[in-house]
Amino acid sequence: MGHFTEEDKATITSLWGKVNVEDAGGETLGRLLVVYPWTQRFFDSFGNLSSASAIMGNPKVKAHGKKVLTSLGDAIKNLDDLKGTFAQLSELHCDKLHVDPENFRLLGNVLVTVLAIHFGKEFTPEVQASWQKMVTGVASALSSRYH
């Protein structure tokens, strides 16, 4: 799953404290749905997803994006037990929603992009490396039920 050094943990926690969960969550999920349109099939109940502007302005996309990043906050508090932290969500996404686990990796990569946009120069290569390790670990934990 990847071992987090104390430096990784400090880097992730420090940046996370500055993240606006609502804004970053909505933008991350919105970008996922625009850039990877096949992911939209999991969000039929969200209404109008017909264009980039419709998706980015959709209140249900924003609300679910906030929910996703809120659960990521739980992961950040439990970096040494990502699998345990996401056991129930893994089961839900695998058994009930049948989400392709590759989508977790895509979402993590989109989040890293959004953080880079929001934090600019502060999002150094070292910060990116720690965050990439974290989103990869989260994707792996969410995919654990599939194995």
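The backbone N, Cα and C atoms fix where each Cβ goes, and this holds for glycine too.
The heme b binding site feature in Swiss-Prot is assigned to His64, His93. The domain 'Globin' feature in Swiss-Prot is assigned to 3-147. The feature N-acetylglycine is assigned by Swiss-Prot to Gly2, with similarity to another entry given as support. The feature phosphothreonine is assigned by Swiss-Prot to Thr13, with similarity to another entry given as support. Under the heading phosphoserine, Swiss-Prot lists Ser45, Ser51, Ser53, Ser140, citing similarity to another entry as support. What Swiss-Prot lists as N6-acetyllysine is Lys60, Lys83, and the listing cites similarity to another entry. Look at Swiss-Prot and you will find Cys94 tagged as S-nitrosocysteine.
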Where the distance is taken from Cα to Cα, which of the modified residues Thr13, Ser45, Ser51, Lys60 turns out closest to Ser140 (phosphoserine)?
-> Thr13
Under 8 Å by Cβ from Thr13 (phosphothreonine), same chain, sequence gap 6 or more | Ile76
Within 10 Å of Ser45 (phosphoserine) (Cα basis), scanning recorded positions Ser51, Ser53, Lys60, His64, I find Lys60
For Ser53 (phosphoserine): intrachain residues, at least 6 apart, with Cβ closer than 8 Å | none
Check each residue in the chain of His64 (heme b binding site) that is at least six apart in sequence and keep those whose C-beta is under 8 Å from its C-beta; list them in sequence order.
-> Gly25, Leu29, Phe43, Phe46
For Ser45 (phosphoserine), just count the other CB atoms lying within 10 A of its CB, please.
-> 6
One should report the C-alpha separation between Lys60 (N6-acetyllysine) and Ser51 (phosphoserine), rounded to whole angstrom, as 15
Across the domain 'Globin' (3-147), DSSP yields 120 helix, 0 strand, 25 coil
Tell me, how many other CB atoms lie within 10 A of the CB of Ser140 (phosphoserine), whichever protein chain they belong to?
-> 20
On average, residues of the domain 'Globin' (3-147) score a pLDDT of 86
